[in-house]
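Swiss-Prot has this to say about the protein:
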LIPID     SER1  O-palmitoleoyl serine
DISULFID  CYS89-CYS104  disulfide bond
CARBOHYD  ASN90  N-linked glycosylation site
Amino acid sequence: SGSCEVKTCWWAQPDFRVIGDYLKDKYDSASEMVVEKHRESRGWVETLRAKYELFKPPTERDLVYYENSPNFCEPNAETGSFGTRDRICNVTSHGIDGCDLLCCGRGHNTRTEKRKEKCHCIF
């Protein structure tokens with residue numbers, strides 16, 4: 001009579017919100033880099049260097065960039081962006097749908113609407 005014991009281990013994916021928050025933190029603290037070209041024995045070599053020396057240098061786990069994002073506030077046919085002018089925003093939101101962010105500092109107009117709609121309610 002023998003007994004068997006099985007042990008199974010697996011990795012579980014973290015909650016989607018946790019991953020999103022982590023990536024947003026990385027994005028918000030990304031380091032701007034510059035490309036430097038220098039000559040070595042094997043030819044020209046390009047390396048990345050932090051643009052601002054007064055900040056701590058990025059680690060291997062930090063997010064870095066060397067090109068700025070396009071201006072999404074204004075229309076850009078090249079990127080297919082329509083810009084944010086005349087978009088509906090949420091005055092009370094501090095998120096991506098909020099007027100502060102979506103209106104790009106241009107200000108916004110507040111409009112109050114009163115609607116009458118048939119709701120097909122059953123009481």
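Cβ coordinates are placed from backbone N, Cα and C, and glycine is handled just like the others.
Values in this document were obtained by computation on a predicted structure and should not be read as measured data.
Taking the Cβ of the residue listed as 'N-linked glycosylation site' as reference, residues of its chain lying under 8 Å away and at least six apart in sequence are, in sequence order, ASP97, GLY98, CYS99. Contacts of CYS104 (disulfide bond) defined by a Cβ separation under 8 A and a same-chain sequence distance of 6+ are given as CYS73, THR84, in order along the sequence. For CYS89 (disulfide bond), applying a Cβ distance below 8 Å and a minimum sequence separation of six or more within one chain yields ASP97, GLY98, CYS99, LEU102, CYS103, HIS108.
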